[in-house]
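Trainee: Attaching a single structure in structure tokens format; questions to follow.
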Amino acid sequence: SCHASQLCICSSMGLDCLPLGLTAKITVLNLAHNRIRHIRSQDLQQAVNLRTLLLQSNKISSIDEDSFWSLAKLELLDLSNNSLAHLSPLWFGHLFSLQHLHLQGNSYRDLGQGSPFSSLRNLSSLHLGNPRFSVLRQGNFEGIEHLHKLWIDGSNLSQYEQGSLKSIKVINHMIINLRNGNIFSEIVRDLLHSVTWLEVTEIKLPLEKNSLVQNSTRPFRIQKLTFKEAFFTDQTISRAIVLLKEITSLKELEAINCVLEGKGMWNTEEIARSGQSFVESVTIIKVMIQNFHLFFDLEGMESQINKLKRLTIASSNVFMVPCKLARNFLSLLYLDFHDNLLVNNRLDETICEGSWPSLQTLNLSQNSLKSLEQTAKYTSRLPKLNNLDISQNNFGDIPDVCEWPKGLKYLNLSNTQIPKVTTCIPPALEVLDVSGNNLKEFGLQLPFLKELYLARNQLKTLPGAAPIPNLVALSVRRNKLNGFSKEEFESFRRMELLDAGDNNFICSCEFLSFIHHEAGIARVLVGWPDKYVCDSPLAVRGAQVGAVHLSLLECHRSLVVSLICVLVFLVILLLVAVGYKYHVVWYLRMTWAWLRAKRKPRRAPPKDICYDAFVSYSENDSEWVENTMVRELEQACPPFRLCLHKRDFVPGKWIVDNIIDCIEKSRKTLFVLSQHFVQSEWCKYELDFSHFRLFDENNDAAILVLLEPIQSTAIPRRFCKLRKIMNTKTYLEWPAGEEQQQVFWENLKGALKS
């Protein structure tokens, strides 16, 4: 159960005793919520580097005297909520480094005759006491000189020896649960010179007659006194006010979750006679007054409040303050009436002319105010007001013109159901909060505004920077922002903080590029990077904006598509060029024609044979063909029928079809070969068709006539069968002499007849 950092978590494991093998490597040992009953001498003997030992919520009833002696470095020891019936000073005798000791929730009734803590010179916080704890004796705290916090559960404390707490020289914060009000004054007298903040819970304040400072000399140390879950009556609170005036160092009073039984019939004459109060701050939170609507107006208390600087009365059903009383808060700077029952009609009385003359901060949030115009008008009576919180009131509407205090700098209108912002908002504001109002836009001219809070609205873009040129901090959290551009961001030239978290960001390429490349944006964005999450595209939904990197295709789709189109066009252009150069189109058409021809019978029926030979020749050789060969063959006896493209091709018919038809209707195909023939494109096509159709039949239908000497290597490679024929079969060669020419004609006629 031990981690690499030497933290051993063994809580809630059902252990009956401390585990074996605890070594010097362990610094934190958590054994809380087990069933340990006894701690033995050897259990922790080797854990000499232990800093924290948590043993709370076990069943420990006995501890050997030397169990903790090896823990000289221990800083926190928690033995709370066990079954210790007594505390032995020997347990703590060697804990020289101990700073925090928790002993509350056991079953001991007292701390013994002496001090269990005499050797704990570095102790900072001490928690002790339990429902059975009943006695505090002199000397119980000997050895402790300074405590940051002292917490005592003395709910059933019945005996307190005067001076028991006096040995502690300094206590910053003391909390004591004290139901027995009769010993309250004795404890206070002992703490006058040591405690800075005294917090008393569950006390039923007694009607104390004796002075709280009798036989005590000034100056006192106690500055703050808090009552929690206490019970007061009109009589006890009147007497307490008088007695607390004697503590001249007391500056702050608090009453939280208390009950006041009475109607405000305080002994104002006695209070006034007792002199001026030194208290500067009073906080009253959740005070329950039965029949609060019958509570008196505290007339006669005017002289006691004129030095008060801070007053908080929250969650206590306050519905008004009499004008006469309000005018006597001459020094009050801060007034908090949040979560009460103030309405506009009563506000006219509460903030009457001449009331609260020094007030600078006013909190009227979470009341029942309905009219923003009236609220503004009444607060304009406060000449020095600069901070106003009227949030969580259901105004529902906002006028175009309002009258506000002239020096107002901070205004909180959050969660007030206003549908828009108008020129009712004072133009001299430095801080404005209109969060939670379903606003769809913000375009007010506020030249002095430094902070603007627009969280939980319906904004789709950042507000324009021009109307708010001095803005330093902006919150647009939980709106409908999809993102913001570099131009929008940089338009706020003085922006230091931008809270735009919890929006549905569209992680577009532009937005991501701006986020990734904007220098220092992480220092400006509040909640970065956890609160900035992509909502779309779907592939990155839920991912942090700062961690998303889109591909080139995703970021430059139009460019990529354009490039692809250009490449396709170039490829097509290249194919067209190649096809043009190498006559691919013609070969495709030729192949198609050949495939159609292949489906015909291999040889035309005899009745379809019209020619003795189809003559394939170059146009440059036409004079020899037409004037010499044709005359010689067609005028022979018997004459030969020759097919010439000039004469016998069907007009309007595709030339390829003409070639195939003429070859198929001829018994022979006569090729007049020459250098011109080899260079002629049409002759190539005729050769192609002839070897597609005729050479595949393995017959002698082709007759080759060399009009002039020609090497077989000069024949294009694609005419492989023609080259093979020239290399393997005899061909006729046109001779130069007339005698040889006569033999040539005889041989040619013989070939045509064969």
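Glycine is treated like the rest: Cβ placed from N, Cα and C.
Under the heading disulfide bond, TrEMBL lists Cys2-Cys8, Cys323-Cys352, Cys402-Cys424. Annotated domain 'TIR' per TrEMBL: 609-752, in sequence order. The transmembrane segment feature in TrEMBL is assigned to 559-580.
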Trainee: Find the one among the disulfide-bonded residues Cys2, Cys8, Cys402, Cys424 whose C-alpha lies closest to that of Cys352 (disulfide bond).
Mentor: Cys402
Trainee: On a simple 10 Å Cβ count over all chains shown, which one of the disulfide-bonded residues Cys2, Cys402 is most densely packed?
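Mentor: Compared across Cys2, Cys402, the most Cβ atoms within 10 Å surround Cys402.
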Trainee: Inside 10 Å of the Cβ of Cys424 (disulfide bond), count up the other Cβ atoms and send me the figure.
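Mentor: Taking all protein chains shown, Cys424 (disulfide bond) has 19 Cβ neighbours within 10 Å.
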Trainee: Counting across all protein chains present, how many other Cβ atoms fall within 10 Å of the Cβ of Cys352 (disulfide bond)?
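Mentor: For Cys352 (disulfide bond), the 10 Å Cβ neighbour count is 17.
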Trainee: Of Cys8, Cys323, the disulfide-bonded residues given in the record, which has the fewest other CB atoms within 10 A of its CB?
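Mentor: Ranked by other Cβ atoms within 10 Å, the disulfide-bonded residues Cys8, Cys323 bottom out at Cys323.
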Trainee: Using only C-alpha positions, which one of Cys2, Cys8, Cys323 is spatially nearest Cys424 (disulfide bond)? These are the disulfide-bonded residues in the record.
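Mentor: Result: the closest of the disulfide-bonded residues to Cys424 (disulfide bond) is Cys323.
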Trainee: How many Å separate the Cα atoms of Cys8 (disulfide bond) and Cys402 (disulfide bond)?
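Mentor: That separation, Cα to Cα, works out to 64 Å.
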Trainee: Roughly how many Å lie between the Cα atoms of Cys323 (disulfide bond) and Cys402 (disulfide bond), rounded to a whole value?
Mentor: 23
Trainee: At the Cα level, what's the spacing in Å between Cys402 (disulfide bond) and Cys2 (disulfide bond), rounded?
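Mentor: Answer for this pair: 65 Å between alpha carbons.
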